[in-house]
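Enquirer: The transmembrane segment annotation in TrEMBL covers 68-87, 108-128, 162-180, 218-241, 253-274, 294-319, 342-361, 410-433.
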Amino acid sequence: MKSLDEVPGSGIIVENNNLDQENQSETSHNKSPLLADPWKPCQRSRATAKEWLLKLRCCLGAVCGIKWYGYAALGVLTAILSFLMDLSVTKLLTAHLWLYMKLEGNCLLQFFCWTLYPACLCAVASSFSHNICPFSTGSGIPEVRTMLAGFKMPHYLSLTNMFTKFLGLICTLAAGSTVFLGKVGPFVHISTMIGAYLSNLCNLIQTNEKEKAGGEMLAAAAAVGVASCFGAPISGVLFSVEVMCSHFALRHYYPCFFSAACGALTFRLFSVWSGDDETPQALFKTNFPAAVPFYPLEILLFAFLGLLCGAVSCCYLSCHQWMLQFTKTNPIFNKMMTTEKGLYSGMVAFLLASLTLPHSVGQYMASKHTMKQLLTSLLDSRQWSSQSHNASLQLGPEALLDWSSSGSPVFLPLAVFLLMKMWMLVLACTLPLPAGYFMPVFVYGAALGRFLGEGVAYVSSTGLTSGFQWASINPGGYALAGAAAFSGAVTHTLSPALLAVELTGQFSHAVPILIATVLANALARSGHRPSFYDALSISKRLPHLPSLKKAFPRLPSTPVGHVLGAISVKLQKAAGPMEVKLAINTTTDTQIPVVDSHESQIILGFALRAELLMFLLHCQTETLEKRLDEVCCIYPTSVLLSPHNTVQEAHSILSLVGAQTLFVADSGRLIGLITWPEMKRILEDLAKDI
C-alpha cells in the first residue's frame, strides 16, 4: 500500500499525467504515438499495425458491443477444447482396448494391462495436479458457485490451473469406465477460467463503455461448459440458473443463450468435420417408436421410477457424505490424501480395475464399454428380456450381447452393475484428481431405469397383464427417465430432464421424464438433505451460504450484529487533512463511512477514496485548512442494515444490489459495515461450527 506522502504529490500528478496521455491518444489515433519511442524496433510497422487494430476495434464496435464477440469466442474456444479432449481420450481408450485384445490367451498379462493402465493414469493425474496446481483437483463446481456468489478466489482462475486441469482430466477420462468418472464439472470450471480471461480482455478493449463484461461472462461460462460437453445449449443455461447462481439476473439470459448456442453448434460441427456424424444431430442416437411412445397407464410406472430413483439417491448421498467425513477423520486416509495423493489414486484405481476385469465380475458390467457406449446401449429401445429367449432375432453388437456375454439372464448383469457401481462410485469420488461426477450418476440412473423397464417388459410378455397393448414396452424410455430422475435427485436440479431430451431428441418422452425427475427431487430434498455439490462445499468449508444452510438451517437466521467485526476506519464530517490522511493510510476501501461526530456516531453516508485524495491535494496546494464536508461530497447510503437483520438478508442484498459495502446502524449510530471480504470471514467462522 502506498504511503500518503506519495499520494497527494507525485502519485496524483502521475495519475493526472496518465489521464492526459490517455485523452491525447484517444483524440489523435492517427498521429502514430509509437514513433515517439526511438529505441523500439520496427517503429513504422508497429504504428501501422496499431492504427489498423484501432480501426478494426471501431468497426467491430459499430456492429455490436465488444463483449458479444467475447461471448462468441467463449463458446467457440470451449467447444474446441472439449472436442480435442474427447479426441485424445478416444485415442487412449482405443489403444488400451487394442493392447488388451492383443494379449488374448495370456491371462496374467491381460490382468496387468487392464489394471496398471488406469492405475498409472490416475496416479499421474493426481501427482501432476498436486505438484503443479493443487487447486485443479476435484470437480470445480463448488468453487465456481462460490465465485459467482460474489467471493473472489483468484487461484481457481489462473492459467496454470486451466492447463493442469485440462491435462489431468484427459488422464482421468482415459482410465475408462473402470474408474467411472466424467468431465462435466471440470469443464464448467475450465470454461469459467476462459471466461474470466476473455472478460478481462473485453474490459481492456472497451475502454469507453461503462458496462463491463464481468459477472455476465462467468455466468455464461457455466452454461457453455455444459453445452460444449453435450451439445445441449438450453439445458446448459438451465444448469447455470439452478446449480451455479443463487441469484440469476435477467440480463444474463441472452448472453448465456448466445454463448451456449455458439459452443453447442461448434461442438456439433466438429463432430461432423471429423467424420463421426453426417450432420449436426443429437449426441446419443435413439430409435424409440414414434407412433406409440408410451401408454397412458405407464405414467404411473414412470412416477414409481421417480420415487425409486429418489430413494436410491438418498442412499447414495448418505454414503457420499459419510465417505467425505471418513476421509477427513481417519488418520490413515487423511495422511494419504495429504502427502501421498498419487499413491492413493493409483491404489484405488487398481482396486476398481481389478473388480471390473472382463474375465471376472466385469463380464456382468459391460466393462469394455466407455461411458458413451454404456449410455447408448442402455437407451436401446429393444426388449432384452424377450430377445434373450428368442434366437431367431438378430441382436446388435452393442446391445444384449455386451451385457449378457455369459448367457445369463439380462437382469443379473443389470443388478450386478447397480450394486457394484454404487459403492465403487462413492469410492472413486474420493480420488484427488480432476474429475466430473454428473455423467456417472446419469449413466447409473439409466441402468436403474433399464432394470425397471426390462422387468415391466418381461411381466407384460409373460401374459400376466390383461390387454394386448402392454405387449410393446420400450425399456429405453425408462432408462432415459431414470437417468434424468437420478441425476436430478443427486444434484437437486430439474435441468437433467431437459438435458435428457436434448441429448436424444426424444421430445415424445418429455412429460414422463419431467414427472419422474420432479418426484425424485421431491424425495431427495426432504429433510433439508444437502445435494452432492452442497456436500462438497460443506466439506471444503467454502463460504457458499446456500450450501451451508443445508447443513445448519439456523445459520441464515443469525443476526448480523452477533458476527460483526470492529470498524477499522471512519471519518467525521469536520475531519481535517491529518485525520483524512490517517484514514487513507489505514484502509484500502473505496468507500469510507462518514459520521456526524465521533461522539454521536450518527452516520451521514460515505466518501469516495478518490475524492479524499483530491481533498488532500487541495489542502496541500492551499494554505487554508478545509474541512471534509466543505470540499468532498458525502454520498447517502442507499441501503442501511440493522443489527437485527440476518446474515441471509445481508448476503442477498450484496448479491442482488451489487453493492460492495453495506453499513450497519443501530438507531442511526454506525456500529459496523459488511463487505464481501467481511461476509466471507463471517461465513467461514460460522462454517467452523458445522
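Glycine too: its Cβ is placed from the backbone N, Cα and C atoms.
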Enquirer: Considering pairs 6 or more residues apart, do the transmembrane segment (410-433) and the transmembrane segment (294-319) have at least three CB pairs under 8 Å?
Expert: yes
Enquirer: Per the definition of 3+ C-beta pairs under 8 A with sequence separation of 6 or more, do the transmembrane segment (68-87) and the transmembrane segment (218-241) touch?
Expert: yes
Enquirer: Near the transmembrane segment (218-241), which same-chain residues lie under 8 Å Cβ to Cβ, leaving out any that are not at least 6 residues past its ends?
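Expert: Distal contacts: 71, 74-75, 78-79, 81-82, 144, 147-148, 183-184, 187-192, 194-196, 199, 248-249, 252-253, 255-264, 266-268, 271, 280, 282-283, 493-496, 498-499, 502-503.
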